[in-house]
Structure formats: structure tokens, C-alpha cells
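Features reported for this protein in TrEMBL:
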BINDING   A:S117, A:G118, A:S119, A:L120, A:D138, A:D166, A:D185  S-adenosyl-L-methionine binding site
Amino acid sequence: MSFLTSSNHPTVAEGDTVMIYIDYSTILAAQIDLSAKQSVIHTKKGPVSLKNLIGHRYGTKLTCKSGYVQILQPTPELWTKTLPFRTQILYLPDISMIVMHLDLKPGSLVGESGTGSGSLSHAIARTVAPSGHLYTFDYHDVRVQQARKEVVQHGLEDIITVQLADVYENGYGTLENHLDAVMLDLPMPWLAIPHAKKALKKGGSRVGSFSPCIEQVQRTCEELKKHGFSDLVTLECLMRPLEVKVMNMNSWQPPEVRAAGVDGDRRPKTPFSQISFSTAIIPKEVPGHSGFLTFASLF
Amino acid sequence: MTSEASASLIQDGARVIFQRKDWSKEATVGAGKSLVISKLKIKTDEVIGLPYGTLVELNKQTGKFDRVEAVEEDDFADIEFGEAGGDNRNLVDTGTAQGLSTGEIAELKISGVKGMELINNIVQNSSTFGDRQEYGKEKYVAKKKEKHIYRFRILRPTLRLACDVYSSMKVNKINHIRVDTLAIMLSLSNIQAGSKVLVVDGVQGLLLAAAMERTGGTGKIVHVHPGPQPIIPAYDLFGFPDSWTDTIHHLSIDNLEVVSSHVEILPKGEESMETDGASSDGPVEPPLKKRKLNALQTASANYMKENTMDALIMASRHHPKSILLFLLPFLSLSKNFVVHCAYREPLVDTFQALRGLGSVLRICLNDTALRYYQVLPSRTHPENSMSGSGGFLLSGTTVEKGAAAVVEKEQESVPEDGKEEE
Ligand SMILES: C[S@@+](CC[C@H](N)C(=O)[O-])C[C@H]1O[C@@H](n2cnc3c(N)ncnc32)[C@H](O)[C@@H]1O
């Protein structure tokens, strides 16, 4: 019930989605639902009883059998990290660029296809709420059901409408000249472009498309131009985490420095002394590619 | 005319963006207002009443903008070339390759031949053009285009376009924040309608504008700014409604200490009172420091003393560590902060300070890369130059600073109130 800050309350309540921080690499999402059968989550810090979270402040530490866990307010970013996967999903850097490049803000009316696992949908909903709306479409029945359930659990039912439809065939339902932006994350985005054009307002609305392969981008761009979209840009955005560490290196001392000794009294036994420094290390493996983002305007 | 329709027309006094493919500029348009592009002063009267999104071209004779029909910008990159891989073995740079003299080009321009047409003329008259290799051709056309086309689209300001404006000419003024770093800051900070946001902005008001755009005037913003007065051209370029601007509390960084509980704020009062104001308030508890503030700064400080905030974003010329540590207690629990810095060392330093606090979780230091692509049939490749850095981002989440380690030990011997299960 608490994805939007405006409906946040400081303590955990029935109906909330909570984020349980276990450690640096593990965060779990849980629904506080007293009627549900499964009310205990087993973590490496020990079992956590969801019922007992009620009434505790968000941000608080809770002791478990072997250590403690921390309870956090849900955010779209944490949801992306914890959601049950149904499809490939979009992650923070691409999601952020999409929200920015589609010019989204409170009040925007947005179309999305496909819904997939709803990773992007949550970030869009957060930004367009409370007066905007997201119409999201997927042709996969089970994914649509699941997304609808989550929308209600997360208190976003006034912001998100999930619809079952094949957008290649049927486009964006009855939406015509209505949307400020449309986002495509589909295997063949070019097939959705004529439909997106119909659903978009004229006079500066935005369209975006995410595709892993350059051949898809090529076709998408051709189709966008063919349908009169302008100001096309294609870009790739990557984020790499840096690891902050104190490192040591041996420093070789030239003979004259050694001869002088430390404070003039004792000569060091080896020609080496240690220098330590704080640094931000680039991990050995970093994300190299997620997909290409293409954006265009419709005037 | 419906209000929606008239809202899509450029009004007198509107804040707009003049956008070119590689370059954008902000301006206020209206009667008697002009704008300077390439040292030319251009009247903007003409654009009033045009719909947003209109393409205009600078007419150098009249010093005004002419409305032009939308032709596909990329067309002209498309027309002249076949596939990549032209042969340049016969290319000799003789300096005479351009068949049109400078005078002739000028004449064409005077005769009113416009942008696209002009380029095509030049391209057709360049004897070496067909011989140039693909890469060379693109560069050649790009150069010609840069020189001859003064075509702009007039747009309503958005965060994306504001980033364009700053990245095309004054990126150092915004500490090298890039569209992607700003975008990620806005995600990680979870700013949204209704948020109470603490903004430390040493970047011309760009962060302030971002917070305002995403709260839509429905939140509260405390804006900590360098210098005695906020200087925020990047905020001003949006032309936000006054009612939105009223949701901002400005607080100079010079006065930041007043929000601490150790400082008592004294009203500045009338000018004549100023000197005896401090002395008249004789004996108070010694640890209380006193500061005189004007009414607005006092209101900002009091707001901070009385409220906890939902998000903290910061991009400043000041070293971030002490400011961040000072401001973190003003965030509610389980809220997020993001700090941008052009350099990584100050953030490494700050990261280490946070790690020891116990009141911050998920401390992350990131950098980002942004690469643009040219997408054309058979000639798709990354752009030849890219931005080297958009700066670094340090983010984290506030949590309760409990002595959990101790609790945990007790926990093992004393089975407790059932916070933990079986
Ligand atoms: C990669 S997923 C989208 C992931 C989503 N952006 C996210 O962040 O969770 C692609 C989705 O598009 C849906 N899809 C594919 N073709 C479609 C079509 N023609 N109409 C509607 N949905 C379609 C698939 O069912 C799938 O769920």
C-alpha cells in the first residue's frame, strides 16, 4: 500500500509491501497480509515473521536468530531488485533515461508495451502520480494477471491500468490523440509504431524504444522516420558500481633515503615501506550492454 | 480557441528552448525581446503565437526568424551517400575542390536559397565529394551544415532540454552533470509529487528545477545555495508558476549552521534595531550560539527544524562530506540521498565516513557512461566523440542507528518478545 510517498506511513501496517534488507547482496520484498498462509520468510539471518513486523518503524533493525535485518519502505528501485521475474526486465540506468527522455512528470499520460514484469511500470507510475496515468499493455495473460495483482497490492490502482492486448495487431485500445509518451519494450517495436502514433497527442509528444540488438534499432528508426517522427536519438547508458577500498602498495626507497634512516636513528631492514590510500576500484566485470534506447518526438 | 489549444502556442514572455541537433539555447521570447546566436542579435517577436515545436530558420538579412516547413533533418545525411566504404585513393586536397567560391555561396544565400538547398548545392559542386570516404563525407557535411544552417525548433523547456542547453555550452557551470547522471539521481532519490526535498544546489539551480519538475509544485523544497542570494538561471529557464516557486525555502549555505539545535535564530528586525538586537538579549545558556537572520532565511531554517525530509539531492562545489553528514539527520528514516560530484576522491572520502555511521544503508558509489549512436542505413556507428564523464554518484538510505550488535548478543541468551521467530 505504500509505494507512493504521499501514502507512506512511518510504521509497518497490514497491507504494506515491505523491503527486507538482509545484506549487501540480498533484499527481499514481502507483502504484509494477515490472511495469507505463508507468514514467515526464511532468510540467512534466520526466519522473519511478517506479522511481527507490524508496528515497527521503517528503517528499523530487527534482530533475528543470526544477526539482524532492516525494514525499508518500498521504492520502484527496490522493487526492480526484488520483483518476481516473468521476463527480462529493465534496470535503473535505462529506466532513469526513459523517464527523463520521455519528459515524464506528475500528470503525464503514458502508454507502455509490454508490461513484462512491471519493473519500468513502477518507476513511471511514481513519476506521473497522482494526476497522470500509465496504460500498460501485454499480450501474455498470466503476466497481465500478475501485474494487476501487484498494482493493487502496491496501491497504484489509480495510476496504472494493465490491459491484455497484442499491440502489433490492435495497438493501444481506444486511446487516440491522448498520450504524452509511449514506451516500447518489445521484440519488434517497429510493428507498434503506427499504433503508437495514433495514440499519441500531436505537438511534441515522445516515443521511446528499448532493443538489445542494433538490427532492431535500425528498423525502428526507419519506421519512426517513415511515420513522421523527428529528432531521433539513439543512445546507450551504462552504470558501473565502484568499490571503495583502502589499498596498500610497497614503495621502494632509494638508498640515500634508507641511509638517512627513520628519524635519523634506525635504518630500515628492507628497501620497502608501505603506502596506503583510499580508492574506488572498478570491478573486474561490469555491465557492458543492456540495450539501445531510441527516442523521438511527434509534432 | 480552447485553453488547451492556446496553451500549445508560444505566449508573449514565454521561456522557450531553441533546439538545434547538436546545440540548444534558452531564451525568453516576446515583444522587443531578442536573442544572440553566433554574435547575431535576433528579434523574437515573430515567434509569438506559433505552436510549440515549430521549426524556424534565422534569416540573416532581416535578423528575424522565418518559419520553415518540417523536412526530415536526417534526409540530407541520407541523400548523398551510398553505403560505407567509398574509395579515397584519388583524393588530393588541392584547395580548389569546392566549385563554388565563397562569393558564390554568399550570393546563393542572398538570393534566398535556404539551409538544405544550400547544402545540396555546395555538395553537388564539390568535385571531390564523391571520392571522399564515408567517414570523411559525414564530417564534410557536418562541417558545412554547422556553417550554414541556422535552423531551430522552438520547444517548451523540459529537464532533458535543460541538460542539452548546459551541455552544449556551459557544462562546467553545472559541475559536468549529464542527462544520465541527473536522471539516475532523480530515480535513486525517489522524488515524486508531494515529496519534501532537501536540495543542495551549486549547479545554477538545475537540481532545484529537477526537484520542482518532479514534485510538480505539490511538495516542499528546501534549497541550500551558495552565496547570500540564490542564483538559479537553470531554474528560471523553466518559467515555473509562482505558486510552485512558493513551495521553495531558500537557505544560504553561509547560514546553514542555524538549523542546528545549538544555534538560536534572532530576527533581524528593522535596520535601526540591528546593532542593539544582539546585546539586548543578554544572558542565555552559553552553548547556544546566536545568529541574526532575515525573515525569509529564518522561515527556511524553521521549516527545517520542524520537519523531516523525504529526499536529499546534492551537487555543489563544496566538498560533500561535512555538508552531507550535517544534513542526514534531517531526513526521515528509510529515505534516500544522492550526491553528485565531478571528482571521485571527495566521494570516496564521504563514502568512508558514511560506512562508519551505522545510520546509512546501501551506500553505493557509481559512475556512468553515455554513448550516442548515428543510425542510418548501412552506416550505423557510435558517434565519433562522447562525453568523458558525467561525474560520480554516491547514494544511500537512512536507517535507525540502533546498537543492533548488542541486542543481537542479548538475543542469544534471552529469548525475547517474539520479534524473531522459532
Ligand atoms: C522484455 S518484456 C518487458 C519488460 C518490462 N519493460 C519490464 O521492465 O519489466 C517484453 C514483454 O512484451 C510482451 N509482448 C511481446 N510482444 C507483444 C505484443 N505484440 N503485444 C503486447 N505485448 C507483447 C511480452 O509478453 C513481454 O512480457
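Every residue gets a Cβ built from N, Cα and C, even glycine.
Here the structure is a predicted model, which means the values were calculated and not measured.
Where TrEMBL records a feature, it is marked here on the structure.
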residue: A:S117; record: S-adenosyl-L-methionine binding site; Cβ neighbours (10 Å): 23
residue: A:G118; record: S-adenosyl-L-methionine binding site; Cβ neighbours (10 Å): 31
residue: A:S119; record: S-adenosyl-L-methionine binding site; Cβ neighbours (10 Å): 24
residue: A:L120; record: S-adenosyl-L-methionine binding site; Cβ neighbours (10 Å): 26
residue: A:D138; record: S-adenosyl-L-methionine binding site; Cβ neighbours (10 Å): 26
residue: A:D166; record: S-adenosyl-L-methionine binding site; Cβ neighbours (10 Å): 15
residue: A:D185; record: S-adenosyl-L-methionine binding site; Cβ neighbours (10 Å): 24
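In this structure the residues listed as binding S-adenosyl-L-methionine are A:S117, A:G118, A:S119, A:L120, A:D138, A:D166, A:D185; their two most distant Cα atoms lie 20 Å apart.
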